[in-house]
Amino acid sequence: MDKTSAYQGLFFGALYTLAVGLKHAPILMIESAKQNAWHSYILGVVIVIPALWLMHRLMKKHQDKNIYELLSDSSPIAGRIIILLFSLYFLLINAHDIRFFINLINILFLPRTPMAVLGGVIIFVAICIAREGKETLTRMAQIFLFPFGILVLFLPFTLATQIELQNLTPVFEGLIPYLQSGYYAFGTMGELIILPLLFSNRSVPLKYTIFAILLGALLLAVMLFSSISVFGPNLTSTFFDPAYMVIRQIRITDFLDRSDLIIAAFWIPVIMVKIAGSLYIVVYGLSFLHSKIDPKAMYTPTGMFSVVCGFWFFLNTNQLIDFNRIKPIINVVISLLLPLLIYLIIKSKALFGAKAKH
């Protein structure tokens with residue numbers, strides 16, 4: 001029985017979109033829509049919600065089963081192929097996030113530490129978290145997202161003296177750039193397809209799934225609003241990490257001029273929970289491919305393979321950023337087309353089953 005509460009699922013979903021979504025995708029969004037990038041997350045939300053609604057409609061008849069379980073029951077062969085595609089997708093996401101996290105820690109905090117050592121420490125912690133199961137993951141998300149989310153929401157107030165509202169004008173300057181920015185936002189918001197794969201409709205209903213994507217989009221928009229209003233769109237788009245740069249601007253007192261370290265201390269557990277969540281969904285998916293696969297034995301090799309893929313697929317920072325250019329295309333397949341295919345498979349199976357009974 002899934003013991004995850006709806007609120008825990010909500011926090012996990014918001015955390016999953018926020019953890020890395022506030023880093024690289026905003027650079028491409030600002031390059032496209034300039035000062036209007038911060039509210040183009042609305043488009044990403046609008047695109048993803050129909051797919052999530054479709055998944056929850058399928059689960060409505062079987063309240064205690066998630067999409068993976070429904071696929072495994074309704075169509076063993078096609079279901080396994082689709083589950084494998086989802087597993088490969090989240091493996092790619094995890095490889096990107098691990099490589100990005102290693103780069104960030106290496107550049108900002110530990111420049112003399114070998115990247116292989118950083119990768120080993122990160123994945124060791126992620127494996128320990130993932131092995132405890134999704135109940136532990138969602139509880140950690142609830143614990144760590146709350147303080148970090150509060151800090152993000154109060155960010156515009158702490159930067160009030162540095163905000164220049166003229167950096168946000170003119171509003172809605174050009175439809176095509178705005179649509180392009182929303183396209184990059186979809187690259188982040190589409191990751192929320194993880195919720196119906198992990199949680200049943202009884203534990204995390206559609207209402208809370210939508211709240212999760214809205215909360216994640218709100219926090220991302222506030223962070224991007226702060227960056228653009230302080231630095232302006234042209235300068236912000238040149239930063240490797242706009243979120244970190246705007247946090248560096250916070251000066252609470254003369255004695256607390258490195259509050260970025262405090263905020264980083266709250267963000268690091270957030271991204272660790274996301275990495276562990278991606279590792280968990282990959283191993284969880286693999287357990288459906290063959291009955292003899294032991295999930296407990298798969299976390300370590302899958303985690304180490306994720307680190308290797310991170311170094312293999314992404315050789316430098318530019319490739320990490322460029323991945324966000326093609327990620328929305330991947331999300332069209334994974335977050336839009338696959339849910340539609342799943343709906344057709346399960347509905348057709350139910351239809352033919354009903355005819356066979358008659």
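Backbone N, Cα and C atoms are what each Cβ position is placed from, and that goes for glycine too.
Listed in Swiss-Prot for this protein:
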type     : residues : note
TRANSMEM : 10-30    : transmembrane segment
TRANSMEM : 36-56    : transmembrane segment
TRANSMEM : 81-101   : transmembrane segment
TRANSMEM : 107-127  : transmembrane segment
TRANSMEM : 143-163  : transmembrane segment
TRANSMEM : 179-199  : transmembrane segment
TRANSMEM : 210-230  : transmembrane segment
TRANSMEM : 262-282  : transmembrane segment
TRANSMEM : 297-317  : transmembrane segment
TRANSMEM : 326-346  : transmembrane segment
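Counting Cβ pairs closer than 8 Å and at least 6 residues apart in sequence, the transmembrane segment (297-317) and the transmembrane segment (81-101) reach three or more and so form a contact.
Here the transmembrane segment (210-230) sits against the transmembrane segment (36-56); at least 3 CB pairs are under 8 Å, leaving out pairs fewer than 6 apart in sequence.
Remark: the transmembrane segment (10-30) makes no contact with the transmembrane segment (107-127), by the rule of 3 or more CB pairs under 8 A. Contact between the transmembrane segment (179-199) and the transmembrane segment (107-127) does not hold: fewer than three of their C-beta pairs are under 8 Å, each pair 6 or more apart in sequence. Remark: the transmembrane segment (262-282) contacts the transmembrane segment (143-163), by the rule of 3 or more CB pairs under 8 A. Here the transmembrane segment (326-346) sits against the transmembrane segment (81-101); at least 3 CB pairs are under 8 Å, leaving out pairs fewer than 6 apart in sequence.
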